[in-house]
Ligand SMILES: Cc1ncc(COP(=O)(O)OP(=O)(O)O)c(N)n1
Ligand SMILES: Cc1nc(C(=O)O)sc1CCOP(=O)(O)O
Ligand SMILES: [Mg+2]
């Protein structure tokens, strides 16, 4: 990835994470300084089908109007339909090799939750790694055990030129620990989506 600083403040969100209109939250977050966005419409209460598509298109247009990178989580078809800037894949999702073959120049992010996953990862084919959960999170029901900032430091030491973001339980109090350990950015859900003042929440990260 050419400009890892574009992952510095990475909002991950779906309608299920929001108590207010997701478009409003995204616009406020961008005003506060969010640099990348992932549409993660997943889990209890999330939209499906055409409703998911329409929300994704709305959020994509907000990102593009503001020159913010727009990623789709998991859903390869939606990623293609929305002509997204990139896709984020986990260990249980579609294989990186397959996506890279179909889309040679799209951005691909891959989740890493331990050293073994890192060893097996097709690192030459991805644009960044999402490492976590760094801290305890209640947003992702099937989250892996907490990895702390040690895994961030390890990944950076093994692949110093591969951009990485920390994810899981990151908020204004602990974001600096993640960045100090070597992360290029912080990926955040609830500390932004549930904040009373969204702009200030992003600014303080
Ligand atoms: C930036 C970032 N990092 C990690 C993840 C987690 O992806 P995954 O393990 O596939 O889990 P789901 O998000 O699909 O539930 C992510 N989404 N974004
Ligand atoms: C989507 C996601 N992935 C994780 C991982 O560890 O891979 S943790 C997580 C949820 C992060 O939400 P919050 O910022 O509210 O803790
Ligand atoms: Mg996934």
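Every residue gets a Cβ built from N, Cα and C, even glycine.
Where the annotation comes from TrEMBL, it is an automatic prediction and has not been curated.
The structure displayed is predicted, hence computed values, not measured ones.
Residues annotated as domain 'Thiamine phosphate synthase/TenI' in TrEMBL: 10-192.
In the three-state DSSP reading, residue 111 (4-amino-2-methyl-5-(diphosphooxymethyl)pyrimidine binding site) counts as strand. Residue 111 (4-amino-2-methyl-5-(diphosphooxymethyl)pyrimidine binding site) has a Cβ environment of 18 other Cβ atoms inside 10 Å. Annotation comment: TrEMBL describes 38, 39, 40, 41, 42, 73, 111, 140 as 4-amino-2-methyl-5-(diphosphooxymethyl)pyrimidine binding site.
Around residue 93 (Mg(2+) binding site), taking its Cβ as the centre, 16 other Cβ atoms fall within 10 Å, counting all chains. Look at residue 93 (Mg(2+) binding site): DSSP puts it in coil. The Mg(2+) binding site annotation in TrEMBL covers 74, 93.
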I need the most crowded of these binding-site residues: 38, 73. Count other C-beta atoms within 10 angstroms of each C-beta and give me the top one. 38
Taken over the domain 'Thiamine phosphate synthase/TenI' (10-192), the model's mean pLDDT: 98
Go through the binding-site residues 38, 42, 74, 111, 140 and pull out the ones with a Cβ less than 6 angstroms from some atom of ligand 2. 111, 140
Cβ atoms within 10 Å, counted per site: which of 40, 42, 140 has the most, among these binding-site residues? 40
